[in-house]
Amino acid sequence: MTGTGHDRQKWSEICNLFNKPSKRPPSTMAVTATATAAASYQSALPAVTNDLDASTDIPLGSMASEKPTALIEATGVDSGTASTDEAAVTDSDEAVHSSDRDLSITAAAIIMATLAGITLTSSLTTGFLVVALPKMAKDLAIPSGLLLWPASIYGLTGGCSLLIVGTVADVVGSRIIFLAGCLLLVGSVLGSGLSNTPTQLIAFRGVQGIAASMLLPTAMSLLTLYFPVGKRRNLGFALVGAGQPTGYSVGLFLGGFFVDSIGWRYGWYLGACVAFVVFLSALFGMSKHPKDGVRPFTWDKILLRIDWAGAVVASACLGMFSYVLAIVSDDGQQVREPTQIVLLSIAGALVPAFVWWMWRQEKLGKPALIPNSLWKTAAFSSICGMVFLTWAMIQSLEYVFSLL
């Protein structure tokens, strides 16, 4: 064999060693390191070609096991380390999905019961108020102009804070907001039962609306986090959805029972106890999920990743509209008052301002509270419209019928 043929044979064997198949596809850095190392070995062979003869032997094993030191020093990356890092990331993602699939029946039942329980509790207090409101108005001497405010303030504060709370939950994590909402719900429901004046009752009901805005959207988020797509997630959505009418129906029954027996205050006490049990279940039964919130969490991300301006504009607009509608519902002539006219004018001006701000945020690639492009999705827009009209009809009738 001539020296040139011998060199080609050795080079072919070296290339075969580098091209040996692996169980895991190599990372981009590993491929680059291998290709560069092969090129360096190829460029080194002609330098020794003239010194080789048919009897010359090259220690392929030592050459194949030797790492391209110059390449590692230049790039700071070892091909083996790059492959190991990639494997670690992949294994971490697989571990998260595996933990979702391996969630025990007991743990899954606790999570579902907790999320459904908080929906039931929030709806229970609403149903209770429908029946107990006439008796509460008499005992607390609520003026006729404020008669619907214990019910209206709940939706007012909840609607105004819903967008802000949901955006914050995306950054800090849904579990933290959910736990804080549970505690706030316990305090506000208990405070409603301890109220001695109309102002106190309305204030605690307003806080309860904020608590509801912290609980209901985060419950949906936690449900999708803990349960992958499949039967368990479908069951969880069904239970959480069933908690709404079930809690409302139970609240209607308890309202009539307590009003006719030991007093309406005990209905609020019972609701506070149920909310506290749900809080304990969430605290000890729902472990922290690795995908909940932005990691690593910093306070700078709350300022930079949240559209605070859009949230303030939307909340102010909803708040002004809701306030004016609540005032006008008692006396339609009050819509002519200067205060109501000014508030309606400001709220109307904030609508195009919000649309323009969303357009600006999308154009600049910055966080947008509700991107305008989202409304182009027919399914999303139609569902929002149907939900709005349905709840508007329900909310406008249930309290009126209770006072007839």
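Every residue gets a Cβ built from N, Cα and C, even glycine.
TrEMBL labels come from automatic prediction, so no person has curated them.
As given in TrEMBL:
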type	residues	note
DOMAIN	111-404	domain 'Major facilitator superfamily (MFS) profile'
TRANSMEM	107-134	transmembrane segment
TRANSMEM	146-169	transmembrane segment
TRANSMEM	175-194	transmembrane segment
TRANSMEM	206-229	transmembrane segment
TRANSMEM	235-259	transmembrane segment
TRANSMEM	266-286	transmembrane segment
TRANSMEM	306-329	transmembrane segment
TRANSMEM	341-359	transmembrane segment
TRANSMEM	379-401	transmembrane segment
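Between the transmembrane segment (235-259) and the transmembrane segment (146-169) there are fewer than 3 Cβ pairs closer than 8 Å, counting only pairs 6 or more residues apart in sequence, which means the two stretches are not in contact.
Within the chain carrying the transmembrane segment (306-329), a Cβ under 8 angstroms from the stretch's Cβ atoms is held by residues 148-149, 152-153, 155-156, 159-161, 163-164, 167-168, 171, 335, 340, 343-344, 346-347, 350-351, 353-354, 357-358, 361, 366-370, all 6 or more beyond its ends.
Per-residue pLDDT, averaged over the domain 'Major facilitator superfamily (MFS) profile' (111-404), rounds to 83.
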